[in-house]
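Annotated features in TrEMBL:
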ACT_SITE  ASP32  active site, nucleophile
BINDING   ASP32, ASP34, ASP203  Mg(2+) binding site
ACT_SITE  ASP34  active site, proton donor
BINDING   ASP43, ASP123  substrate binding site
Amino acid sequence: MRRCCQGVGLPCLFKGAGMATPRPPRFLLVFDFDETIVAENSDDSVVRAAPGQALPEPLRQSQRQGSYNEYMQRVLAFLGEQGVRAADFRAVYENIPLTPGMPELFQFLSKNRELFEVVLISDANMFGIEAKLRAAGVHSLFRKIFSNPSGFDKRGYLTLGPYHSHKCLDCPANMCKRKILTEYLAERAREEVEFERVFYVGDGANDFCPSVALTSADVAFPRKGFPMHRMTQEMEKKQPGAFQATVVPWESAAEVARYLQELLKRKC
């Protein structure tokens, strides 16, 4: 089990003239974005900014060719050509609804900031995610956001790139969330922050890959009935015990908040 200084009863370290450094958080909470924090796939949502709120059929059909990240680059280029600009995109992202219970989960995390370090790993894009989190008033909850780089070029078009390259055969070419999570935990360990538990809240197939890397101390929260949930069930049938983390499916994010609240009651 991962331990921080609180978990093993070490005294706080002092720095400077009697100033104690804050104790590190005990838990890491990882969020996905699309259909986890928000109730839609934000890549689909941006089509609402298109003329007639639809894409040309040849462009839609091109989704089958190559990577989804490259497909979205074509979609954004088309929208730029149609005159869709930053304010239009921002309005779409800001108005995507949160999933049921997500406000309650954010409220719980806001009240327990000293215990939870919160990060977001998403195969969407940085502009859209930050626009929504700021509109929801929760951007400051997140220590780090990992997503595909995006921004506006000289023409005013929203552009998109891949996050990184990797060798995982189970993930899209532009992003492996397991690689991101593993590297983040290693980085925090080098900074002398290690977590008692990791909690992972997601829905998609690309959330299954990092959740397989969780330990028996950790908890995976797959959205009920979505690919991540089905894949955890299939793995348990085929390889009992191979999926080490506790699995807690959810329909409302308020269920995640209640689980975490009960865990704190048991530990404190």
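Cβ atoms here come from the backbone N, Cα and C positions, even for glycine.
Bear in mind that TrEMBL entries carry predicted annotations, made automatically and left uncurated.
Between the CA atoms of ASP123 (substrate binding site) and ASP34 (Mg(2+) binding site) there is a gap of 8 Å. Of all the recorded positions listed here (ASP32, ASP34, ASP43, ASP123, ASP203), the one with the fewest other CB atoms within 10 A of its own CB is ASP43.
Those same-chain residues not listed among ASP32, ASP34, ASP203 yet with C-beta within 8 angstroms of the centroid of the Mg(2+) site C-beta atoms are PHE33, GLU35, THR36, ILE37, SER122, GLY202, GLY204, ASP207, ARG223, PHE226. Across the fold, the C-alpha of ASP203 (Mg(2+) binding site) and the C-alpha of ASP32 (active site, nucleophile) stand 7 Å from each other. Calculated from their C-alpha atoms, the gap between ASP34 (Mg(2+) binding site) and ASP43 (substrate binding site) amounts to 8 Å.
A Cα-Cα distance of 14 Å separates ASP32 (active site, nucleophile) from ASP43 (substrate binding site).
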